[in-house]
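Feature annotations, reproduced from TrEMBL:
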- 1-23: signal peptide (SIGNAL)
- 275-297: transmembrane segment (TRANSMEM)
- 339-365: transmembrane segment (TRANSMEM)
- 371-391: transmembrane segment (TRANSMEM)
- 412-432: transmembrane segment (TRANSMEM)
- 444-467: transmembrane segment (TRANSMEM)
- 488-521: transmembrane segment (TRANSMEM)
- 527-555: transmembrane segment (TRANSMEM)
- 567-586: transmembrane segment (TRANSMEM)
- 598-626: transmembrane segment (TRANSMEM)
Amino acid sequence: MAFWRSLAFSAILLPLFIHGALCFYLPGVAPQDFQKGDPLQVKVNKLTSTKTQLPYTYYSLPYCAPEKILDSAENLGEVLRGDRIENSRYVFKMREPQMCNIVCKLKLDAKTAKEFKEKIDDEYRVNMILDNLPLVVPIKRVEPDSTVYQLGFHVGLKGQYTGSKEEKHFIHNHLAFTVKYHRDTLTESARIVGFEVKPFSVKHEFEGKWDEQATRLTTCDPHAKHTVVNSNTPQEVEENKEIIFTYDVEFQESDVKWASRWDAYLLMSDDQIHWFSIVNSLMIVLFLSGMVAMIMLRTLYRDISKYNELETQEEAQEETGWKLVHGDVFRPPNNPDLLCVYVGTGVQFFGMILVTMMFAVLGFLSPSNRGGLMTVMLLLWVFMGIFAGYASARLYKMFKGAEWKKIALKTAIMFPGIVSAIFFVLNGLIWGQKSSGAVPFGTMFALIFLWFGISVPLVFVGAYVGFKKPATESPVKTNKIPRQIPEQAWYMNPVFSILIGGILPFGAVFIELFFILTSIWLNQFYYIFGFLFLVFTILIVTCAEITIVLCYFQLCSEDYLWWWRSYLTSGSSALYLFLYATFYFFTKLEITKLVSGLLYFGYMLIASYAFFVVTGSIGFYACFWFTRLIYSSVKID
């Protein structure tokens, strides 16, 4: 379970060619060449379950452990994801097949039997790594020559003996590994391009006294050419049962080159759905663009021309609509400090998402770089603090504010503080479940240092620079006495128009959102950043245009309180995101535990909050530009 998982939604996250995103490999990573007989060390990673969303370390179950368990160095993103990569007793020799290798023998007591049963009930999967490739289970589809890959293999399964209705638990204790390699014909060295497994449950038997080094199994004997090909005699999980863990490994030469070895895992078979999403979103954009064009080219042009031709004050007073509120339209809103903070935070998030997208499009955030996406997003968030401070201070000075340090502190503290409060509660729940997804104290200290040691000072630097610049001048003067707002039609009610305004931005992204949620909560790869970049661009345009349209209608109704409404109009799409996440929870996920449900809704709440500040800031700046543009075109005596 990852802190900041939700940032993946802003993640609620365009190559030059769309399909380039599927095969472009992480630059700067050197392949490793293996000669025949070279040792291959298989590493084990966390146990994962889509039913609980709580990862556990591999050795939290009594699997066969080496004499000394060594942790691999993990980056910040890996730790937050709950990854715990360790060595194992599975050691191969390059291009030397092995059959019926015994790993160890384990006798279950009541405690260990219960632990295995619980993990089988919750459908936990075991994850392993070889040469930075994750272990996958190939599954043949109905269509010919179509194979999908599932990350990791199940700890075990539940079933019944023939003629019995009692459900039993069976463990996968025999692993048939397949290592695929691409051979260099000149040097005879090879590179690993695939790591697959077929798990079996086998009740192993042997004769004589047990000796791990010398015992020959009667159920799996390479000398007698007796290999495991099915689970017809499965190994039951019960107290006092003995389990013998074994494995086979075969090597297959492949035409797949090392640079393309991730293609099979990242292969997108449903690209038509993504194209449908793009076309659907473009239709929304075209509709809104038409409305904006009509307003800008017909209505505004005509209104401004007529207004500028008026010669007397009496004629000006007879005019109705947005022209009459020119003396109030740039009056500072209620709670201007809070608006400045939220706009600055939105700029910070927008910069983080934009740069992250660029890295992803260029292939720097390949899934082979585990935790890279989360690490980059965290660091970019920290360094984008300078733009948050600048944006909030510039707006604050426009509102005639004088205490720039106060606004800088609020910008640096408010959003991270709210997210941290939710995170600490969620992390406490994860600690209570003894999951590896709980953030260690060392990592917690690193996060606090990034926040207070780097992000906060950068926000102050940005605010200092922004406040030193001359204040943004309004194109028209503000009257001393506020104008009374006439009674509004029911459809111009702020709550109604704000809720309506959020529908179209959400409609532009909801199809892609389904795939993002699936990749996060169902442990699947998401590497179609080309489509995601397109959808993000469409989201920006949609937020800007819907806000401009509704802002214009609002001003035409002589309602000049547009500051907060422009932010909330596009920002309300976050409400629909959270409602969709709730729908997704009940229709696509099988989470039944209370803690797991709280984790899901906690992280989705953070995601929706982040989506709110991003889309809200986009809408605000679009409306800010629009109002300055139209009122700067009007001659005011």
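Any Cβ shown, glycine's included, is placed from N, Cα and C.
Keep in mind the model is a prediction, meaning the values are calculated, not measured.
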Between the transmembrane segment (488-521) and the stretches 339-365, 371-391, 412-432, 598-626, the largest tally of CB pairs under 8 Å belongs to 598-626
Within the same chain, the residues 6 or more beyond the ends of the transmembrane segment (444-467) and with Cβ under 8 Å of it are 3, 76, 344, 378-379, 381-383, 385-394, 396-397, 404-405, 407-409, 411-413, 416, 420
Are the transmembrane segment (527-555) and the transmembrane segment (275-297) close enough to be called in contact, which here means at least 3 C-beta pairs under 8 A that are separated by 6 or more residues?
yes
For the transmembrane segment (412-432), out of 339-365, 371-391, 598-626, most C-beta pairs under 8 A are with 598-626
Counting only residues at least 6 beyond its ends, the same-chain positions whose CB falls under 8 A of a CB in the transmembrane segment (598-626) are 1, 4-12, 53-54, 339, 342-343, 345-347, 349-350, 353, 415, 418-419, 422-423, 425-426, 429-430, 501-502, 505, 521, 539-540, 543-548, 551-552, 562-563, 566-571, 573-575, 577-578, 581-582, 585, 589, 591
With the cut-off at Cβ under 8 Å and a gap of six or more residues from its ends, the chain residues touching the transmembrane segment (339-365) are 10-11, 13-15, 21, 24-27, 333, 372-373, 376-377, 380-381, 384-385, 387-393, 395-396, 399, 401, 407, 410-411, 414-415, 459, 529-530, 532-533, 536, 563-564, 567, 610, 613-614, 616-618, 620-621
